[in-house]
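Some features that TrEMBL has for this protein:
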- C4-C127: disulfide bond (DISULFID)
- 5-147: domain 'Peptidoglycan recognition protein family' (DOMAIN)
- 16-153: domain 'N-acetylmuramoyl-L-alanine amidase' (DOMAIN)
- C41-C47: disulfide bond (DISULFID)
Amino acid sequence: ANSCPTILSKSQWGGRAPTCRTAMATPVTYVIIHHTAGASCTTQSTCITQVKNVQNYHMNSNGWCDIGYSFLVGEDGNVYEGRGWTSVGAHAPNYNSNSIGINVIGTFTSRNPNTAAQNAVKALISCGVSRGYIKSTYILKGHRNVTATECPGNTFYNT
């Protein structure tokens with residue numbers, strides 16, 4: 001679909017294979033927005049490093065079978081595949097089986113993600129709707145709407 005942004009597959013960014021997978025029924029009702037609350041990235045190489053760091057943290061420290069998010073978005077304007085469109089994520093308890101979790105790499109408590117990242121998020125959601133993975137009547141939520149957390153940061157949440 002022409003509304004789809006560049007999505008680097010897990011193999012393109014050098015991600016580890018999941019150790020388990022649960023299929024997710026689509027289209028989903030919710031899109032949940034997150035931030036990593038860590039360093040930002042504006043180049044593909046630094047974003048790949050950040051995505052690998054997140055996956056390692058989720059798998060090695062949290063003991064999860066894969067990175068928790070469906071997708072991650074860098075301020076390089078690229079989308080990085082996490083669990084993708086059709087696997088249940090580990091990003092928002094009680095919503096994982098009926099949502100796409102999109103994480104924007106960086107900390108957005110006092111600033112917004114740049115235009116490239118915001119446009120990539122919008123294009124990714126449009127892509128999901130056009131491909132039938134997300135309901136056209138989807139409900140957009142910040143992580144803080146479903147879990148006690150600051151995520152996705154005050155400034156970004158207000159946007």
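Residue numbers in this text run from 1 along the chain shown.
Cβ atoms here come from the backbone N, Cα and C positions, even for glycine.
In this structure, the disulfide-bonded residues C47, C127 were compared by how many other Cβ atoms lie within 10 Å of their Cβ, and the smallest count belongs to C127. Secondary structure by DSSP for the domain 'Peptidoglycan recognition protein family' (5-147): 44 helix, 33 strand, 66 coil.
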